[in-house]
């Protein structure tokens, strides 16, 4: 009995056909996804033992392994002038490619983080829109207040000048004024009269009639 016949008979006795078919389908469609290279290779070897007829030689195993790797890793592994022909060479190249890809991602992440922090600092230093509107409103109110104050001053000066022109100086006309006040009391002025005729005979006669003008 050959080794292949022994495996086939062993599977018939100890393996469920439906489970075996499901594992073969998983092996045919296996992708690395979010797994690391070593995790993907380990799972690949586990499934490959259950379906050795699908990988009769090492060349086919390398081909299926390259198909399993992520696109960015597979490109770097096959970018060399001499593609890998051995499984060990394929795995070592994939590990190196994964390392440099991760380094590049970390460098880009740090650059992006630094730019994001720089933008945040610049944004904090800039005044907020509400603050700008408030400051502009205060400046506008101050300017309007200054203009209005200047207008009121000019208007007051013009009004004062108009009042001075509208009210002439009072003339000192004592004939139209009332009796002057002295120490809180009215001073009674004696009437002034001019005597036109008063003769010696009138004086001797004692008459009190005087002709005035």
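Note that Cβ sites are derived from N, Cα and C of the backbone, with glycine treated the same way.
The feature domain 'Retrotransposon gag' is assigned by TrEMBL to 2-67.
Under the heading region 'Disordered', TrEMBL lists 123-188.
Marked as compositional bias 'Polar residues' by TrEMBL: 127-166.
Sorting the domain 'Retrotransposon gag' (2-67) by DSSP state (H, G, I as helix; E, B as strand; all else coil) yields 51 helix, 0 strand, 15 coil. For the domain 'Retrotransposon gag' (2-67), the model gives a mean pLDDT of 88.
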